[in-house]
Amino acid sequence: MSFTIGFFLMAASWSLLTPIGGAPDEPAHIIRAAAVTSGQVITPAWVGNPAYGAVEVPSYIAELPARACFAFDDEVTPDCYAGSSANQQTLQTTGTSAALNSPIYYWLVGWPSVILSGDVAIFTMRIVSAALTAAFLGVSLVSAWSVGTQAHRTLAMVFVGLSPALTFLAGSVNPNALEATSAAAVYLSSRALFHRWQSRRDGSTTVVLHIALACSLLVLLNTRSIGFLWAALALLLAYLPSSDRPAFRDFLSRRWIPLDLIVIGVTAASLSWLLLLPDYDQSGTPTIEMTGARAALEAVMSSGALLSDAIGMFGWLDTPAPAASIALWSSAAGVSVVVSVLTAQRSALTAALAFFTVAIATPVAVQAVIADELGYIWQGRYALAPLLCTTVALAISVAHRARQADHSSRLTFVLNGAVIMSACAHIAIAIHVLRRYVTGLDRPVGEFLTAPAWTPPFGITALLTALLIATSFTAATCWVRRERAD
């Protein structure tokens, strides 16, 4: 629980230090959330852009695209927006590119716009999104511990695997981070259910795991359409590693009816949304035109850059983390991978390798299929779900076997070192990103505190202090202690 709270506080700190409109596609998602919570779920095409859905929202929501005037240019600060003289609550018609997305996520995060207004409503929506993302990370961990996984080593591995980009996105109105943690929750809750089948255990824990799986699967399938792929992969890889897994015919027995109903029912309900989608005209959408083969080749050649983006790309693809910080975080992740190779079970390594392979191969396959229609669209953050699942697959196995490892004391030292490196990378990257917004990266470093062009709510020092405390607290909760059983 403490780890989950710590991660939430880290994401909430990001939600306040990121200017409104500073997260990728956030204006479109906020507009969609405000519209859905006011009853505008299926909407006609917008005359301003027929590829968008038309909605009617308060003016402070409708003007969000204009507030993102600093997007794509790391020398422009958020003070470029001069403000508006319109009444904040005056309804305006605008468009959103997120109109085809399932309304579930937007119902969950958009409700603050019903009872609040202005920047307070938007920041509250971000914090709600951070809380949901942290909650499903918590579901993942509880599912892992239900089968006897050692807590601190699991937390250490997971902390190292939580990329700064994922934490940043968790603190924004964007479903990417929630997609990642709900995918991990689907994988670990279903894996725990198969483990309990193997050990012939039932009871209240099994009921809780069924509920966890149902909620996680519902959220995952309704973040983005690619969630169906992540869900299928998570369920398959949770099932395969068990040496005594149930045969497919066993899923027709009474014992497995709850699981069957969850998977079939939630999937069918989620697919039904796709049948209701309006037909927007996408022909005028700007694209990077290329053939399917060329786009697939581009995805292959960009694999390293896409992984780097999943670690530390911020803003509207305009603020990459410094190379030194990426190297520091990658070194911590590399240490955890080496630990995994030395101590993890073969089945866990197989699952992790499968998740990682899919994370690399999916952009190639997707671009080959859709390039002719939509051009090149893939971004590194789109693969956060399988990358996080790679981390948790390794973490639970390493933690489970660590007690029996001859080199457990050395393992404790190495994991603690990786936690410290990862925490330092998180802080260094946050300072760099905040400097981009406060002064722009073209200004001298000294102006960051002495001559800010823009300041976040509560001030620069207060928010950086809050993030430092939150990161330190989270790292402390997963500090691995040498135990007598070692």
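Cβ atoms are placed via backbone N, Cα and C, with glycine included.
Among the ranges 223-242, 323-342, the one that TrEMBL lists as transmembrane segment is 323-342. In this chain, the transmembrane segment (454-480) lies close to the transmembrane segment (154-171): three or more C-beta pairs between them fall below 8 angstroms, excluding pairs fewer than 6 positions apart. Listed as Cβ neighbours of the transmembrane segment (154-171) (distance under 8 Å, sequence separation of 6 or more from its ends, same chain) are residues 3, 7, 10-16, 18, 23-24, 126-127, 129-130, 133-134, 137, 141, 144-145, 177-178, 180-181, 309-314, 321, 325, 329, 332-333, 335-336, 339-340, 380-381, 384, 387-388, 390-392, 394-396, 398-399, 415-416, 418-419, 421-423, 425-426, 429-430, 433, 474-475, 477-480.
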